[in-house]
Amino acid sequence: MNEPSNPALRRLFWLFAYPFRIFFVVGSLWAALVVILWLLAYQGALQLPLAQPAIHWHAHEMIHGVTSAMIAGFLLTALANWTGIPAIRGWALGALFGLWLAGRLTGLVSAGLPAVWVWLATPLFYLVVAGLATRDLVRARNTRNIPMPLILCLLGGASGLMVHGSLNWQWTLVQVGTGLSLYVLLLLMSVIAGRITPAFSSNWLRMHGRRFDDVRRLPALDWSALAVLVLLAVADLGGAEPLLIGVLGLAAGALHLARLWLWRGWRVAGEPLLWILHLGYLCLALSLVARGALVWFNWPLSLWYHLIGLGAMGILFVGVMTRVGLGHTGRPLRLPVLGLAIYLVMLAALIARLQTLLLPQLGYGTGLIAAGVFWMLAFVLFLVAYMPILTAPRPDGKAG
């Protein structure tokens with residue numbers, strides 16, 4: 001494909017030049033739009049044409065609509081680095097985006113569509129991305145990352161369970177699909193953030209002439225943390241005794257906190273592009289602690305959901321997008337003017353949502369609206385700051 005001369009078409013051309021460009025943009029747009037629609041529906045100001053309860057649509061789109069775009073953008077971009085095989089781009093990337101969009105639109109107007117269209121679209125997107133990843137990993141003989149396509153397939157199955165159960169009013173399927181989705185995402189974030197956070201932190205400390213040799217990963221600790229997380233997922237989804245779930249949740253949280261401690265996050269407190277990753281991982285670990293503590297404390301299950309969704313996912317999403325948006329477009333790793341505001345507003349969204357769950361007497365409705373507004377604002381600020389970057393060529397002329 002040749003770069004067009006028309007300025008508007010040129011921006012569109014570059015948007016489809018690399019997976020992270022288009023998927024970070026549409027993922028951010030959808031993240032903001034889903035919350036707008038959900039808040040309007042929650043307030044009774046909008047009747048969505050849904051065949052399932054609005055709360056189930058909201059949960060699915062926050063977990064799978066937004067997340068599938070972010071995962072595709074990151075994973076298909078990282079694959080090029082892992083394998084040396086050029087990333088999907090141009091018309092092929094446009095077709096993949098079209099498949100993702102089909103999943104969003106069929107879910108949004110599900111009342112007027114065959115059920116199979118509604119529940120199959122998102123799993124199909126995951127399977128196509130998994131197929132692309134498998135092809136490149138096999139060609140490059142990259143066995144280290146071969147579990148990634150399997151994780152995508154699990155996410156596709158979990159999405160299908162959520163939507164199929166919701167359309168057929170089978171709440172057990174919805175619950176299992178939601179739980180499976182969250183546990184698989186926790187596993188994926190544990191692996192990815194567990195690689196990049198200590199690596200980026202160590203490199204930054206070394207480049208700035210500071211001690212970095214004690215920023216480390218212990219393989220035994222890493223594998224133990226992941227293994228206990230998997231055991232927790234099996235116990236929770238399998239309906240084990242609450243005491244076992246509680247113990248495994250606390251153990252998993254403690255192991256992930258131990259990993260985080262070894263990454264020495266306080267040493268990079270002066271670099272927002274790094275401390276945001278540590279903060280996101282802290283939320284991941286605390287979400288596991290919360291899951292365990294739910295056995296003994298009268299907290300709502302949605303506390304766990306939102307520590308993952310607004311905490312781990314939301315904070316890690318903006319942390320990764322702001323960094324990848326600079327590094328993979330050949331720009332210096334210096335946060336734009338609005339960058340710090342993106343992080344602080346996302347943190348405010350988490351705090352506001354936790355207030356509604358832990359201190360509802362302070363104003364549940366007000367806190368819910370505040371959390372939604374802050375969440376939307378974080379992604380809008382990202383788009384304002386990064387659209388000029390994501391729709392322009394790299395300054396060095398390289399692919400990306």
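Each residue's number is its place along the chain shown, starting with 1.
Just so it is clear, glycine is given a Cβ too, placed from its N, Cα and C backbone atoms.
Quick look at what TrEMBL lists:
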type	residues	note
TRANSMEM	12-42	transmembrane segment
TRANSMEM	62-83	transmembrane segment
TRANSMEM	90-110	transmembrane segment
TRANSMEM	116-134	transmembrane segment
TRANSMEM	146-167	transmembrane segment
TRANSMEM	173-197	transmembrane segment
TRANSMEM	218-237	transmembrane segment
TRANSMEM	243-262	transmembrane segment
TRANSMEM	274-297	transmembrane segment
TRANSMEM	303-321	transmembrane segment
TRANSMEM	333-352	transmembrane segment
TRANSMEM	364-386	transmembrane segment
Ranked first among 12-42, 62-83, 243-262 for CB pairs under 8 angstroms with the transmembrane segment (90-110): 12-42
Cβ-based contact of the transmembrane segment (274-297) with the transmembrane segment (116-134), 3 or more pairs under 8 Å: no
The transmembrane segment (364-386) versus listed stretches 12-42, 116-134, 243-262, 303-321: most Cβ pairs under 8 Å: 12-42
The transmembrane segment (173-197) versus listed stretches 12-42, 116-134, 218-237, 243-262, 303-321: most Cβ pairs under 8 Å: 218-237
